[in-house]
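In Swiss-Prot this protein carries:
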DISULFID  Cys89-Cys104  disulfide bond
CARBOHYD  Asn90  N-linked glycosylation site
LIPID     Ser1  O-palmitoleoyl serine
Amino acid sequence: SGSCEVKTCWWAQPDFRAIGDYLKDKYDSASEMAVEKHRESRGWVETLRARYALFKPPTERDLVYYEGSPNFCEPNPETGSFGTKDRTCNVTSHGIDGCDLLCCGRGHNTRTEKRKEKCHCIF
């Protein structure tokens with residue numbers, strides 16, 4: 001009789017939060033690129049180069065962009081964005097739902113509501 005060993009290897013997906021954090025870090029440190037057109041024997045060729053020579057050139061693992069993001073604060077019918085006017089924000093938050101960021105520095109109005117609701121409490 002013989003013995004048999006089985007070895008199984010597999011790749012596991014990292015935690016979803018870890019993936020999101022990784023992508024956010026990449027986004028925050030993305031390098032702006034410029035498109036340069038030059039003529040070669042096969043015709044016009046477009047290449048990307050770092051827009052600012054002051055910064056180190058991006059590596060193959062860095063995120064790059066060559067067009068700026070649209071202004072999400074203002075409405076844009078072309079993209080279907082309604083902007084952030086009249087959105088509800090969180091006065092106490094310093095995050096993306098906070099009034100300073102969500103209202104794009106335009107200020108905000110505070111509204112206090114008083115409601116009477118049955119709580120269905122049992123004592």
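Sequential numbering from 1, following the chain as shown.
Every residue, even glycine, has its Cβ placed from backbone N, Cα and C.
Cys104 (disulfide bond) and Asn90 (N-linked glycosylation site) have their C-alpha atoms 13 Å apart, to the nearest angstrom. Cβ environment of Asn90 (N-linked glycosylation site): Asp97, Gly98, Cys99 lie under 8 Å away, each six or more residues apart in the same chain. Under a cutoff of 8 A between CB atoms, and with a sequence separation of 6+ in the same chain, the neighbours of Cys89 (disulfide bond) are Asp97, Gly98, Cys99, Leu102, Cys103, His108.
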